């Protein structure tokens, strides 16, 4: 590969096992830059933004998350049978604009939303690379525009693995408000707000937030109820939620995971959920055939000196892609729903 070719592929370069044969491939050898007429596949879309985290008085640095995720994904083993594309980053934010000069949170979210809509319209399954959890409001806006174009709009559900409800009330949107914003948008559209959160830390959510969650009909499990021994009960919660929806948006906030595994986030968990449990949730979500959109949020490389959080985030993206690749036909099966009575 020439130096020019390596530059064109950005972070997608790494080890090549030349003596291991044609099946010894890694992501950097297989991920393609997204072309307009590309066949349906998995599309990585970066959201290099932490403006919402800053507004929420969190620790900045998640804007560098997408770049760190791609670098870490590059050397993972490739087992895919469905294409994976890289669509670059929403907003095209440079380092000088991270303080919201030329780019505001709302313009970043608007660009991400438009690109999500376009990817869904083209038949792709987008996986967002965050960035702060303000990515969720952006993702929802793009997903909703796609959904309302269906002859019979689907019942959309959001499954969030997160230590926080992110239902805060604030003068302006931030990383702590996306699901309150989504609930309000559902009210405007006369849609039911279908939201399930796994990994809630009781010590990190005020009584007011629990009250709001219950008033909105949010399903949730506490982090202390999501150990390995609780996996059957967690799986039952997820399957019950999936039974009541047609399309799923899965969002994984890294602050739900044990702080020992994921220290590189704005607000590390003191107990958290083990990675194996999150992978089990991913398997169930994809196996339902209802997943249309996913993302991983809150990776902060500046707080991740040994890269363990980036490796875990990359593993979760890898798991998502691996499970989707095993059943692409099922993932696509719900895009045109029959009429319901």
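Here, residue 1 is simply the first one shown, and the rest follow in order.
Heads up, the Cβ atoms here are built off N, Cα and C, so glycines get one too.
Secondary structure from DSSP puts residue 166 (Mn(2+) 1 binding site) in coil. According to Swiss-Prot, the feature Mn(2+) 1 binding site maps to 133, 162, 166, 253.
What Swiss-Prot records for 162, 164, 253, 255 is Mn(2+) 2 binding site. On its own chain, residue 164 (Mn(2+) 2 binding site) has 176, 200, 201, 204, 205, 209, 253, 255, 267 as residues at least 6 apart in sequence with a Cβ closer than 8 Å to its own Cβ.
Following the DSSP three-state reduction, the secondary structure of residue 253 (Mn(2+) 1 binding site) is strand.
Highlighted in sequence order, 136, 160, 163, 164, 175, 178, 179, 251, 255, 256, 297, 298 have their Cβ within 8 Å of the centre of the Cβ atoms of 133, 162, 166, 253, the residues recorded for Mn(2+) 1, and are not part of that set. A 10 Å cutoff on Cβ-Cβ distances gives residue 253 (Mn(2+) 1 binding site) a total of 29 other Cβ atoms nearby, all chains included. Within the same chain, residues at least six positions away from residue 133 (Mn(2+) 1 binding site) with a Cβ under 8 Å of its Cβ are 52, 53, 162, 166, 175, 176, 178, 251, 253, 297, 298.
Other Cβ atoms within 10 Å of the Cβ of residue 166 (Mn(2+) 1 binding site), summed over all protein chains shown, number 28. DSSP gives residue 133 (Mn(2+) 1 binding site) a coil state; it is part of no helix or strand.
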